[in-house]
Amino acid sequence: MSTTPATPKVGFVSLGCPKALVDSERILTQLRMEGYEVVPTYEDADVVVVNTCGFIDSAKAESLEVIGEAIKENGKVIVTGCMGVEEGSIRDVHPSVLSVTGPQQYEQVVNAVHEVVPPRQDHNPLIDLVPPQGVKLTPRHYAYLKISEGCNHSCSFCIIPSMRGKLVSRPVGEVLSEAERLVKAGVKEILVISQDTSAYGVDVKYKTDFWNGRPVKTRMLELCEALSSLGAWVRLHYVYPYPNVDDVIPLMAAGKILPYLDIPFQHASPKVLKSMKRPAFEDRTLARIKNWREQCPELVIRSTFIVGFPGETEEDFQYLLDWLTEAQLDRVGCFQYSPVEGAPANDLGLEEVPDDIKQERWDRFMAHQQAISTARLQLRIGKEIEVLIDEVEEQGSVGRSFFDAPEIDGNVFIDGDHGFKPGDKVRCRVVDADEYDMWAEPI
């Protein structure tokens with residue numbers, strides 16, 4: 001009497017940024033193509049894969065905690081991701097992990113799964129089809145599109161280049177074909193991500209590739225122009241403030257891509273920026289922001305900043321607050337500086353900022369920026385916006401406008417039952433707003 005072999009089951013935990021999420025999607029897509037079932041609990045899995053984050057100490061602590069939970073609940077754990085470059089640190093705490101690999105090592109992770117629980121030999125990929133767009137961990141109506149790996153910068157607070165390597169741009173034809181598959185599968189919003197989006201193509205000297213028989217340069221401008229032809233929202237993230245950012249503003253003004261720029265400025269004080277090894281042209285940056293908004297009045301700028309960097313004085317911090325007042329950024333995140341093992345900032349010999357002062361400056365920063373964000377959203381009241389519906393709840397619908405990237409920005413709330421479903425795009429009028437969110441009514 002023959003029995004059908006059990007379907008191999010994998011548990012998966014993805015930690016960290018959207019770039020890591022895309023790595024997880026690639027691994028899961030390959031496993032699904034080989035017939036593995038992805039299960040939501042540790043208990044039901046034959047093996048658990050943990051995709052870690054290693055950017056800052058708190059992220060490493062979370063990664064180690066999750067690995068420990070998986071070992072306790074399942075016992076068979078494979079570790080990958082950014083913290084995987086510190087295999088010794090992981091094995092010191094969790095010596096029983098089965099394997100440890102760094103980021104982007106998709107094949108090694110899949111092979112490690114094979115060693116624990118081999119794929120079924122009778123699996124027929126033509127019966128259990130994986131969708132053309134692959135396995136996605138985001139809702140069906142939006143997706144992250146990773147255009148490159150690594151980074152050529154050497155910011156003193158960052159260890160990303162040591163974890164993910166130098167810039168390696170994906171062929172633009174491959175990127176555009178993936179985007180096309182996503183849109184055909186129902187994706188309404190494409191979020192372009194990388195470590196350094198504006199450097200796309202630098203490593204290959206902006207070589208010309210082909211998409212649907214059409215020549216396209218491997219460069220941010222040409223990529224955006226091509227993406228705009230697909231009919232989805234296109235949102236740019238992790239844009240380093242190179243001069244070529246100016247080139248995409250006309251596309252935003254023309255409505256071809258969303259008028260939204262995610263630019264991590266990190267600070268404004270020339271002295272602190274120099275210590276960070278970031279561009280220290282804060283006055284020129286203000287002029288550029290002014291010029292961008294003259295060309296595209298609807299432009300939304302999101303940024304992130306670090307307070308309490310070694311050597312930051314009260315004068316430096318006040319300079320940052322004054323700069324924020326001038327810049328009038330729309331969406332802003334802020335982190336208190338946390339030393340990262342292996343980061344060049346540890347060896348600068350600068351005076352550490354005490355934790356209580358870091359906290360006090362963070363509180364002041366957030367209060368200062370909240371007032372700016374509130375005032376800018378108040379300007380939207382009475383205006384028409386297009387809203388992409390993310391969720392439908394009992395009280396109404398929750399969506400986002402071009403102002404809002406998923407997870408990190410605000411929401412648009414629409415009260416009442418209007419028959420909407422996730423992925424719908426709805427014309428609305430803004431009726432109220434606070435420092436982060438807007439309330440709107442369908443038109």
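Glycine is no exception: its Cβ is also placed from the backbone N, Cα and C atoms.
According to Swiss-Prot, the protein carries these features:
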- 8-118: domain 'MTTase N-terminal' (DOMAIN)
- CYS17, CYS53, CYS82: [4Fe-4S] cluster 1 binding site (BINDING)
- 137-375: domain 'Radical SAM core' (DOMAIN)
- CYS151, CYS155, CYS158: [4Fe-4S] cluster 2 binding site (BINDING)
- 378-443: domain 'TRAM' (DOMAIN)
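Shown on the structure are the features that Swiss-Prot records.
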residue	record	DSSP (3 states)
CYS17	[4Fe-4S] cluster 1 binding site	coil
CYS53	[4Fe-4S] cluster 1 binding site	coil
CYS82	[4Fe-4S] cluster 1 binding site	helix
CYS151	[4Fe-4S] cluster 2 binding site	coil
CYS158	[4Fe-4S] cluster 2 binding site	coil
DSSP helix/strand/coil residue counts for the domain 'TRAM' (378-443):
1 helix, 32 strand, 33 coil
Spatially, and counting Cα to Cα, which of the binding-site residues is closest to CYS53 ([4Fe-4S] cluster 1 binding site)? Options: CYS151, CYS155, CYS158.
CYS158
DSSP tally for the domain 'MTTase N-terminal' (8-118), helix/strand/coil in that order, comes to 55 helix, 22 strand, 34 coil
With the fewest other Cβ atoms within 10 Å, the residue among the binding-site residues CYS53, CYS82, CYS151, CYS155 is CYS155
Sorry to bug you, but what's the C-alpha spacing from CYS155 ([4Fe-4S] cluster 2 binding site) to CYS82 ([4Fe-4S] cluster 1 binding site), rounded to the closest Å?
17
Other residues, Cβ within 8 Å of CYS17, CYS53, CYS82 Cβ centroid ([4Fe-4S] cluster 1 site)
LEU15, GLY16, LYS19, ALA20, THR52, GLY54, PHE55, ALA59, GLY81, MET83, PRO103
Determine the most Cβ-crowded residue among the binding-site residues CYS17, CYS158, using a 10 Å radius around each Cβ and all protein chains in the structure.
CYS158
Integer Cα-Cα distance in angstrom, CYS17 ([4Fe-4S] cluster 1 binding site) to CYS151 ([4Fe-4S] cluster 2 binding site)
15
